Amino acid sequence: MQITRESKYIIGLVLALGVSFATLLAHLFTKPSLEWVYNHHATPFFANKFMLGGYLLVEYLSFLLMIVPLLMLGDQVNDFTFSIIHTSIWYNVFVVFTVWAFTREKLYWTAFFSLCLFSSSFTMYGQSLRLRNGFVEMISMKLPSKLVFGKSLWFVVYAFSAALHCTGIGCRVFSNVFIWFFAAMYLVPILGFHDWALSLVSAYLFLSIGIGQMFIHLFALQHIFAFIIAGLMTLFAALLFLLPYRQRRAALTGESAPLLQDNNAGPAV
């Protein structure tokens, strides 16, 4: 019996997700635990762990949704879908190495693997943009790609700040400035591709940073800036979500204007 291409990708994805999730879960109970190491290495971009936990749970559930097009479409699955799933498998492999390095407090290796995670997530996000905006594609491919890309960009910044471990006054001032450049990194794809969903994802992440900084009280003003950025990202998401409807309404108004003028015009004398 020959195993189909779809079956191979389903098996590979389920195995990668299982190993990745089991690694995360197991290191919650090791010594030192994942939670202890994360709390011990608070940085200016330390995010609330409970909000991150909820984010990770949604992310793993969204990964499982990648199986949907393979089961529903069969031979009609395009190459971009297979490519996204293939990249997501590698992403979960890098998660295992990242957790291993982080729980052993090998922070420079953690920073290196964070770049591997970001590279994989960036590839996933770029490939997902080539898919059509159908409901199945949105929940099964685009949503996981946006969640992974948003979190990976945050984790790169957190991992490098943890590796450098600079807590002096100069670093604190730099962090208060850099958080705005960090927000601008999200705005490039958000505004470039009119991605309201990614804007919501980034708003959630900045909100978690704000709450995390508010509780640890290590870096002055950082939580205030994070809350402001979260509000701005939410506003951008709302505007980008409504933009197609406004454009469609403007187009319909423009098309109906000549007809109204013709109807209002009197007969030629």
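From the backbone N, Cα and C atoms, a Cβ is placed for every residue, glycine too.
Same-chain residues lying 6+ beyond the ends of the transmembrane segment (9-29) with a Cβ under 8 Å from its Cβ atoms: 35, 56, 60, 63-64, 66-67, 70-71, 82, 85-86, 88-89, 92-93, 95-96, 99-100, 103. The transmembrane segment annotation in Swiss-Prot covers 9-29 (among others), and the record cites sequence analysis as its basis.
Through the fold, the transmembrane segment (50-70) approaches residues 6, 9-10, 13-14, 17, 20-21, 24, 77, 81, 84-85, 88, 92, 136-137, 139-141, 143-144, 147-148, 151, 204-205, 207-208, 211-212 of its own chain, all at least 6 residues removed from its boundaries and within a Cβ separation under 8 Å. Per Swiss-Prot, transmembrane segment is recorded for 50-70 (among others), and the stated evidence type is sequence analysis.
Taking Cβ pairs closer than 8 Å, the transmembrane segment (82-102) reaches residues 5, 9, 12-13, 16-17, 19-20, 23-24, 27, 34, 37-38, 63, 66, 70, 109-110, 113-114, 116-117, 120-121, 123-124, 127-128, 141, 144-145, 148, 159 in its own chain, all 6 or more past its ends. Feature annotation from Swiss-Prot assigns transmembrane segment to 82-102 (among others).
If you look up Swiss-Prot, you'll see 107-127 (among others) marked as transmembrane segment, on the strength of sequence analysis. Same-chain neighbours of the transmembrane segment (107-127): 41, 80, 83-84, 87-88, 90-91, 94-95, 97-98, 101, 144-146, 148-149, 151-153, 155-156, 158-160, 162-163, 165, 189, counting only residues six or more beyond its ends whose CB sits under 8 Å from a CB of the stretch.
Beyond its flanks by at least six residues, the transmembrane segment (147-167) meets 41, 43-47, 55-56, 58-59, 62, 88, 91, 102, 107-108, 110-111, 113-115, 117-118, 120-122, 124-125, 175, 182, 185-186, 189, 198, 201-202, 205, 209, 218 of its own chain at Cβ-Cβ distances under 8 Å. Annotated transmembrane segment per Swiss-Prot: 147-167 (among others), in sequence order, evidence recorded as sequence analysis.
Swiss-Prot lists 173-193 (among others) with the feature transmembrane segment, giving sequence analysis as the kind of evidence.
Here Swiss-Prot flags 200-220 (among others) as transmembrane segment, drawing on sequence analysis. Counting same-chain residues at least six beyond the ends of the transmembrane segment (200-220), those with a Cβ under 8 angstroms from any Cβ of the stretch are 42, 44-49, 51-52, 55, 146-147, 150-151, 154, 167, 172, 175-176, 179, 183, 186, 190, 226-227, 229-231, 233-234, 237.
According to Swiss-Prot, the transmembrane segment annotation covers 224-244 (among others). Here the transmembrane segment (224-244) has long-range neighbours at 176, 179-180, 183, 186-187, 190-191, 194-197, 199-200, 202-204, 206-207, 209-210, 213, meaning same-chain residues at least 6 beyond its ends whose C-beta is under 8 angstroms from one of its own.
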